[in-house]
Structure formats: structure tokens, C-alpha cells
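Novice: Below are the C-alpha cells for one structure; questions will follow.
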Amino acid sequence: MHVVYPAVLAALLFSIGVYGVLARRNAILVLMSVELMLNAVNLNLVAFDVWLADKLGSGQILTLFVIVIAAAEVGLGLAIVLQVFRNRSTISIDALDELAEDKQ
Amino acid sequence: MTAPLAVLGTAISAAGAIVLAFLGAFETRVTLTPTGTIPVTIGLRADDLSTMVAVMVTLVALAIQVYSVGYMKHDVRYPAFAALVGLFTLAMLTVVLAADLLMLYVGWEIMGVCSYFLIGHHWEKPHATAAAIKSFLMTRFGDVGFLFGIFVLGVAAGSFRITDVIAAVPAMTSGTVLTGALLLLVGVVGKAAQFPLHSWLPDAMAGPAPVSALIHAATMVAAGAYVVALLYPVFLSAPLALDVLAVVAVISMIGAALAALVTDDLKRVLAYSTISQLSVMFAALAVGGRTQAIAHLLSHAAFKALLFLCSGAVIIAVGSNLMTRMGGLRRRMPLSFLTMTVGFAALAGIPPTAGFFSKDAVVASAEHHWFVFVALLLTVGLTAAYTTRAWLRTFFGSGPDVREAPKLMTVPLVLLAVVALLLGFAGLWFDELRPELLSAVLSVVLAGVGVAAVYLVWRRDPAKDPVDSLGRLRGVFGSAFGTDTLYERTIARGVMRVADEVVRVDDSVVGRTVRGTGRGTRSLGGLLRRAQNGNAQFYVTALLAGVVVIAVGVVILR
């Protein structure tokens, strides 16, 4: 299999992830989009590892790292989202603009 | 604690100066940071002239420091005063011993600022601050010329070292030398309070009496005469500059003597007499009598310091500067009377005081120059007249009941009086300074005429001022021929107008630019602030857009 197929797929996944992060209002969906981006990266790592026939398998090892980090991130992220919901009863990212400059 | 330190420090410097005088001529120097063009050096330069003047400066300063301990006993600002007197002395020593013209200028300027602080010592009195500012501005006006004179000579000689400059004088074009000499003269005229920059010195009497003694005897005003003597070859190769100096000296010596004749303030009389006596030195320099000028500088330092310190003792006892309030102090302050009599005799040139010898040497040196000679003889007569008037009005007749000054003040007086009495005999070792019969007889006769005229007028009515008979002339002389008013009407008014204009331009152009910059930045910031809406997604979008733009830009423009 040519490396271009997984690369294109990864690019598509990444773009969908970016779109999700930028466009979605729901914080959980934003987190999921981030996961999509991370998985696109994973796909790239594995594909290029095979393509370059790396003897150390560093691409695959990095993938494992990313999966662990992603799991931890989702755990924390969901906890934060839960707290935000409890405090403000909304998880719409639009509504969370306390850091905005005062309207003049 | 301040007083012993101040006295001890000055005593050490005096001892150092005396040691220096016995060491013989030498010069040391270190080059300061490389300037790229003409090097600036720091160095010490000692020869007969500079060590002699240095000894004079430190000894007079020592007498003044001792005297000040008594004079300033009840002054809370005495420590600052003593420190400034020390700095003043140091600055004068810098001028005297500098090996480099720019270093000399540093000392010259430090003296200016010290005189500003010391004249304004009683800064709670408005007239003292006004006098301080006046002296600062007028001397600074001259210093601009002085600095440019140094530049002209230094650039022409390729070095600011005094010995190099003097050595290079014959090789310079006459125009350069003349420019340099005239510019230096502007500074000298300012610092030495000669016409037309004379009017700061009488006002400087607002400072305490020891300050006046210091400025008039040992430091600031003497620095002018010293610098001319130091750079004498420069002036000798610019005869026109010497002529200008002669004219300035003649105007100043007669004008100041006339002003001294009618002034009622004892210290102002002495101030005008300083202007007049400095002119005598400049007259000697203008006719080629360098040694005579220096001799008069030294003897003047002794008797003028003595006179100012005596007048300080008298003033502090009487509580007023005005001679109308004095009189009859002869019996009540015998020591002050005796010492001040010696000082007055030296000022009037009565033999055998130091003033007689040095002034006579000056008169003798001017014999071939009738213009200066006549002016000098006239000044001798006038000096004797105003001296007699001040002496009679202070110590004779009837006056207030006062006590003699404390011992700490009278000891320096006695020592200075001894010096003023005997210093003249030291001049007998030098050919130039021995009295000549013609000039000696002439000046003694003229001095006698001056004394006798005032005495005869005074004896008719001791309670009255002898110069009352001058009538309207008195007011003219008293205001130093109205120069102050003239300056106020012309220069001061013009400067004020220019200053107003400058303030206006500063506000409308400079200020508006600055304020506009601030306002513009704020409004620009307001525009950018709109982007900060608190929406994290918007920020990330902007970030992504930025990354894309940069990436595209890199790809296209690579």
C-alpha cells in the first residue's frame, strides 16, 4: 500500500478535527475533535514508521505515548467540563467569555 | 565634628601645597579615554607660578575655615558650608595645578557652581537666591566664551595640554590666536567680574562674609587673572586682545572705584574694590607686567581676605552691613580695628604694606603706556579716598555699643594682618618688584591726596557721610553707572521675550506631539482591544489563520 492513502486519510481526519475545534460550541465535542486530530497524528506516525522501515519502531512507540497522553487528557478534560457544567449549567464555549476585555 | 575635619583637611592641603612649592617644576599626566581626535589628559602641572598661587589659595582657605568655625557657630547649615568651601578650594586648586586646559575648565566650572551654592547660603532670603542666580548666569555667560577659546586653541595646537598649547602658539595664524585669546577673555571677564560682566560681584555679598573672602581673595575672581598669566604667551602674540584687556581694565578700575566711593554697604565697598584691584592686575598684564600682576594677586589675596574677614567680624557685632549703623568701633573692637587698619592701608597702597609694593610695581610697569598709567594713578587716588571713607565711617565718630569678636575669629585676622603687612618685603628679591622712585612717589602722593581730601571733608562733620557733597553724582556712581538697569531694559527684556516664545513653541509643537503620540497609541490599542472578546475559539481561529498566512508567505516569498 502506498503511503499516500494513509497520509490523505490522516489529513482528512486532522482537518475534520480542526474544524470541530474551531466550529463546535459543545465543549465535549471540542474534546472529541482534539482526539480526532491526535488520531490523525497517530495514523501518520504508524504509516511513516512502516514506510521508512524504521528498525527501532520509534513511530509506533510515539503512538503509544500519544495514546496515553490523549487518555489522560480526556480524563482531565471531562472532569473540567463537568465542573464547568456544575458551576454554570452550560458547556457552550461561546458563553464562557469571562476573560473578555470590558465592553466600553 | 565637622569643624575639626574641615580645618584639618584644608591644613593638609596647605601643607601639600607648600611641599609642592619646594619640589620644583614638574608635570605628570595620564591620557583619559581615547577620544579619537585630540587626546584629553589628566595631569598635575607645577611650576613657580602655579605652586605659589596654590600655597596662597590653601593658606587663605585655611584662614577662612578657621574663621568660619567662629563665624558660623550658630548656623545649622555649617557642615554644608564647610564642605562647599572645601570643594571650592579643591576646584581652584584644579584650575591652578591642571596640566590640561579641559581639566582646568572642569575646576573653573565647579567653582562656578560652588559660588552659586555659597552665595545662596541663606536661601530663605529672596535677595540671596537672586544674587546666587545672577552670579551663576553672568559667569556662565562668560564661560561659554572661555570654553570655545579652549577649543580654538586646543584644536589649533592639536593638544589640550597647556605646555603643548603654549609651545604651539608661534606656529598658529594670528587670526586663530586672536580668536582664542578674545574668547578666553570673555570667560576671564565674567569670572573676574570686569566690565561689562561686573554686576554680579557686588550682589554676591548676600553670602556670608567668609564666602566673600574666599571668592574675592583666593579663588574665583583670582582665577581669571591667573589664567591670563598662565596662558600669557597666547595673549602676547595677540596684541589686540591685550589692548581690549587694557580698555576693559581701565573702565573697570575707575568705574568700580567710583562706585566703591559712594556705596554705604561695607561689604559692597569691598566688592567694588575687588573689581577695581583685579583691573589693576589686568592692567599690569595688558602692559606686559606678568610678575607684577601675580605679585598684586598674592598681596591682594592677603589683604582682601583680611578685609572681608574683618568686615564679617564688624558686621556680626553690629548686626548690619550699613556703615551708617557703624562708627566708633575703634575702642570697642580694638583688635578688629587694628587688623582692618592694616588691611585698609594695604588696599590704599600705604607703605610699607604689601599692597604698596605690589601696586607700585604695577604702576611702574605701566610707565611706558600713558593710557593705563594715568588710569592707574587715578585709581590709586580713588582707592585711597574710598578706603579712608570706609575706615573713618566704620571705626571713628560715634556708634553702637558692641563687643570684640571671639578668639577663633581674631586669630586668623591677626595672622592675615601680619602677612598683609610683611608680604611686600618678599618682593624685594625680584628685580621687577622693587619700588621705582618716580612711580612710588607719584602713587604715595596721590594716595595721600585721596586720604586727605576725604579726611578734610569728614572732619567738618563726622556724623555725615563725606560723599554727601557729591550730590546727584552719588546715585549714578552708586548704581555702578546704571549698568544693571541698562541690562534689565535691554538684554533681560529681550531674553524674557525669547523665553516666552520658546515656552509657547514647546507647548504647541513639542508638547502637542508628545500628547498626540499618547492619544494615538491609545486609540490604536482600542481598535485592537475589540479582537479580545474572550472566545477561545476565536483566538484559535486567528492563530490558525496566522499560521496559514505565514506558511503561505514563506512558501511564496522563499
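Cβ coordinates come from backbone N, Cα and C, glycine included.
Since the structure is predicted, the reported quantities are computational estimates derived from the model, not experimental observations.
Straight from TrEMBL, here's the annotation block:
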DOMAIN    B:34-81  domain 'NADH-Ubiquinone oxidoreductase (complex I) chain 5 N-terminal'
DOMAIN    B:98-382  domain 'NADH:quinone oxidoreductase/Mrp antiporter transmembrane'
TRANSMEM  B:49-69  transmembrane segment
TRANSMEM  B:81-99  transmembrane segment
TRANSMEM  B:105-123  transmembrane segment
TRANSMEM  B:144-162  transmembrane segment
TRANSMEM  B:168-190  transmembrane segment
TRANSMEM  B:211-234  transmembrane segment
TRANSMEM  B:240-262  transmembrane segment
TRANSMEM  B:269-289  transmembrane segment
TRANSMEM  B:335-357  transmembrane segment
TRANSMEM  B:369-387  transmembrane segment
TRANSMEM  B:408-430  transmembrane segment
TRANSMEM  B:538-557  transmembrane segment
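So that I understand the layout, could you describe where these features sit and how close they are to other parts?
Specialist: Remote same-chain partners of the transmembrane segment (B:49-69), defined as residues 6 or more beyond its termini with a Cβ less than 8 Å from a stretch Cβ, comprise 3, 6-7, 10-11, 13-14, 16-18, 20-21, 23, 78, 81-82, 85-86, 88-89, 92-93, 96-97, 208, 210, 213-214, 217-219, 222, 226, 229-230, 294, 297-298, 301-302, 305, 309, 312, 408-409, 411-413, 415-416.
If you look at the transmembrane segment (B:168-190), the same-chain residues 6 or more away from its ends with a CB under 8 A from one of its CBs are 108, 138-150, 152-153, 156-159, 196-197, 224-225, 227-228, 231, 233-235, 237-238, 240-241, 244-245, 248.
Through the fold, the transmembrane segment (B:211-234) approaches residues 49-50, 53, 56-57, 60-61, 64, 67, 85, 88-89, 91-92, 95-96, 104, 108, 111-112, 115, 118-119, 121, 139, 153, 162, 165-166, 169, 177, 180-181, 184-185, 187-194, 201, 204-205, 245, 267, 270-271, 274, 278, 281-282, 285, 290, 293-294, 297, 300-302, 304-305, 308-309, 312 of its own chain, all at least 6 residues removed from its boundaries and within a Cβ separation under 8 Å.
Counting same-chain residues at least six beyond the ends of the transmembrane segment (B:269-289), those with a Cβ under 8 angstroms from any Cβ of the stretch are 192-194, 198, 201-202, 204-205, 212, 216, 221-222, 224-225, 228-229, 232, 235-236, 242-243, 245-246, 248-250, 252-254, 256-257, 259-260, 263, 296-297, 300, 304, 307-308, 311, 323, 347, 359, 361-362, 365-366, 368-369, 372, 375-376, 379, 382-383, 386-387, 390, 432, 480.
Within its own chain, the transmembrane segment (B:369-387) has Cβ neighbours under 8 Å at 246, 249-250, 253-254, 257-258, 260-261, 269, 272-273, 276-277, 279-280, 283, 286-287, 344, 347-350, 359, 362-363, 442-443, 446-451, 453-454, counting only residues six or more beyond its boundaries.
Long-range contacts of the transmembrane segment (B:408-430) within the same chain: residues 60, 63-64, 66-67, 69-71, 291, 295, 298-299, 302-303, 305-306, 309-310, 312-313, 335-336, 338-339, 342-343, 346, 352-358, 361, each at least 6 residues beyond the stretch ends and with a Cβ under 8 Å from a Cβ of the stretch.
Nonlocal intrachain contacts for the transmembrane segment (B:538-557), taken as residues 6+ away from its ends with a CB within less than 8 angstroms of a stretch CB, comprise 531.
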Novice: Residues sitting near the transmembrane segment (B:335-357): Cβ under 8 Å, six or more positions beyond its termini, same chain?
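Specialist: That would be 273, 277, 295, 298-300, 302-304, 306-307, 310-311, 313-314, 317, 329, 380, 383-384, 387-388, 390-391, 394-395, 404-405, 410, 413-414, 416-417, 419-425, 427-428, 433, 435, 440, 443-444, 447, 450-451.
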